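Student: Here it is, the structure, as C-alpha cells.
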Amino acid sequence: MSRRAKMISKIKELMYQPEYIRNIGIVAHIDHGKTTLSDNLLAGAGMISAELAGDQRFLDFDEQEQARGITIDAANVSMVHSYEGNEYLINLIDTPGHVDFGGDVTRAMRAVDGAVVVVCAVEGIMPQTETVLRQALKENVRPVLFINKVDRLINELKLDASELQERFVKIIANANKLIKNMAPEEFRDKWQVRVEDGSVAFGSAYHNWAINVPIMQETGINFNDIYKYCTEDNQKELAQKVPLHQVLLGMVVEHLPSPAESQAYRVPIIWSGDLESEEGQAMLKTDPEGPLAVMVTDVSIDKHAGEVATGRVYGGAIEKGSEVFLVGSHSKARVQQVGVYMGPERVNTDKVPAGNIVAITGAKNAVAGETICDTGRKIKAFEGLEHISEPVVTVAVEAKNTKDLPKLIEVLRQVGKEDPTVRVEINEETGEHLISGMGELHLEIIAYRINEKGVEIETSEPIVVYRETVAGTAGPVEGKSPNKHNRFYIEIEPVEASVMQAIQEGKIKEGRVKGKEMAKNFIEAGMDKEEARRVWDVYEKNLFINMTRGIQYLDEIKELLMDGFESAMDNGPVAKEKVMGVKIKLMDAKIHEDAVHRGPAQVLPAIRKGIFGAMMSAEPVLLEPIQKVFINVPQDYMGSATREIQNRRGQIVNMTQEGDMVTVESTVPVAEMFGFAGDIRSATEGRCLWSTENAGFERLPNELQHTITREVRTRKGLSPEPYRADHYLG
C-alpha cells in the first residue's frame, strides 16, 4: 500500500471520530510566513517532499499566487498527525493576509474551530493581524500563537538572548490584550496564550524548526542553544532536533478544540434556530446520525467537476447521490460527489460526517454562506457571513471581441459566486459591466482570472465608489403617484451615529423587520422609543420608519413601499450612487380605495419621488471611502513618507517609534491611493513596509462636492447637474 493510499485510508477512518479532529486556520498579516508554515507542516506530515517545502508554496496553487508570492484564496488540506500515541486528523485552511482578500479570511473562520496566529518576530503585531484575530474571535475560534522568523532577530537585528525574550514578551502581551478585548466573555481568561503551557511557540517556518516550553523540557534545548544554532548557521540540525510540524501540530492538538468540544459553544453564535430541536441537538453534539446541516464557506470552479462547494458539516452526514435542500436559494440539488481535501486534490468518499470540512460537487446554486440540509427537514439558515470591509473600488469591464459578450456575462456571474466580496453589476442594455472590489490588487487579480477563463477583456481605470447621504433634515414633503390618487408625506434626517455603529457591528441586523423583537436593539443603540417600535426596513444602513396611524389600505401596499424605498437607496438622486445613513419617515398617506389605482406603477414612483425630493431638500452630500494606511519606515525617511500621505489629502493619526524605525498611522481617501505603491517605494528608496485597512466612508470636503458630483454623473451619461427638489415634488 503506497504512502498516499495509507494516508487516505487513515483520513477516512478518523473522519468518524470528532474528538480526534482539529479544524484549524492559519492567519497572519501579509508576508509573516503563513504559506511557508503550511508547506512545512505538510512536508512533516508526509504530503510533499521536505526539500521543496517553503519554495513549493503547495497551498498557493494558483499561478497568480505563485507569481506574486502571496496567498489570494483560502486553500484547504487535510493531514494526519501522531501525538502521544494517538492519531489526529488535522484539516488546515491557509488564509490570505492581504487586506484586499479579507473576505476569504472571514469565510475560512466559519469552517474552523481554532486558529494559529502567525506573527513575524521582526515586525510584531500588525494591523491586519488585529483584523484577522478579531474575525476569528468574533466566530468563537480559539487562537494559539506562533512567533515566526526568530532567526532574523538573531542574525539580522543582532539581538542577544535577553533582548529576544523582551521582544517576545511584548508580542505576547499585545496578542493577549487583543484576545481580552475581543474574545467572548466566558473565554477571555481561558484563551490567553501563555509561554508556560505551550500555547505559544517560537521558530522559523522557512528553516523548518520551532520550540515551545513542553518541547524544551522534553529535548533540553533552550534559548541559548537556539541562539548558538542560528549564529553558527546550523539551522538544518536544529530542524532535525525540533522539527516545525511536530511542535506546531502538537500545540494544535493540545490547545485547540475538537469539533466535539467547540460546536457546543460555537453553534449558538452562528445558528439562531431552536437549540432544543433535533437539528440543534445534532449540531451541539456533532452527531453524524442527526439531521443534516452544512454551512458553505466557499465555491470554486473546477475544470473537470464544475462547481465545487467547500463547507463545514455541523450536523448529520452528507452522502454522495443524496438529494439536499439549499435554504438560501430555496432549491433542491442532487449531490454528485463528496470528499475531503489533500492539498489541491479532492479525495472522494461515500459520505462525510459532522465535524469535518467537506468538498461537494453537484450543489448547483450554492454560494458562500449557503445552508444545506435534508430535503424533508428544512432548517433555519446559518447566520450570514459578515465581512469586515466592503468594496470601495470599481472598474468597468468590456469584452475585446463582441462575440465574447455572452461568455463574459457568464464568467462575471461565476466570479461573483467564487468571491462574495466582489460586487458584479451586469448591464445588458448598455454593455457596461462593473466589478467592485476591495482595492487595486483585488481587481487586478479578478481581471486576470477572467482572461484565464478564455475571455479577453479591457478594463477602465479604477473608479472610486461613493455613497450619498444627507447632512440636514427636511419634510414633510409630498410624493404623488402619476394618477394623483396616492400621496405620501415624508420626513428625512441622518441616522444617529450610535445606530450606524450598531448596524456595522451586526447588533442590528439588515433586512425587513418582522414583529417587534428588534425594537429593543434600536432602543439600546440610542434611538427614540416610538421610532424604534415602528421601523419597517433596515437596508444598506438606511432606515424606513412608518410613523402613520390608522391609514386605510396601508398594509396592502407595505411591501411595495419597502421595494420603492430600497430601489431609491440603491441609486440616490445626487449621482446614482448607493445611499447610506439616511432615515426616511413616512408621516402620513392618502391611498386610493380601489386596488387597481394603487398598484406598483403608481406606488413605486410616488414613494421614490417623495424620498428623492426630501433628500434634495436636506443638504445632500457625497461620502468617499477612506483607508487607514500604516507605514513602517526608518527614521531618516519619515519626512518623505509623511509628505506622500499629506500630498494625498491624508491625515497623520499617530506615530510611534521603536529603535530607529517609525510607524506612521494615517487615514487617506481611497481616491488618492492609486499608484501609491510605486510612489512610496521611490520616496523611501524601497525601505518601507506599508499596509492598508478599509476605514469606512467620510464626508467629501465641501470644495470637492460639486466637481466630483459632476464627474460621476457625466461618467454615467447623466446630465452634469442633479435635479433640484421641485423636479421630484412638482
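One is the number of the first residue shown, and numbering goes on along the chain from there.
Note that Cβ sites are derived from N, Cα and C of the backbone, with glycine treated the same way.
Not my notes, these are from Swiss-Prot:
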type    : residues              : note
BINDING : 28-35, 94-98, 148-151 : GTP binding site
DOMAIN  : 19-260                : domain 'tr-type G'
MOD_RES : His597                : diphthamide
Student: Of all the binding-site residues given, Ala28, Val150, which has the fewest Cβ neighbours within 10 Å once its own Cβ is left out?
Tutor: Val150
Student: Work out the three-state DSSP category of Ala28 (GTP binding site).
Tutor: strand
Student: Per-residue pLDDT averaged over the domain 'tr-type G' (19-260) comes to what?
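Tutor: It averages 77.
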Student: Long-range same-chain neighbours of the residue listed as 'diphthamide', Cβ under 8 Å, sequence gap at least 6?
Tutor: Asn483, His485, Asn486
Student: Return one of helix, strand or coil for the residue listed as 'diphthamide', based on DSSP.
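Tutor: SS state of the residue listed as 'diphthamide' = helix.
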Student: Secondary structure at Val150 (GTP binding site) (DSSP, helix/strand/coil)?
Tutor: helix
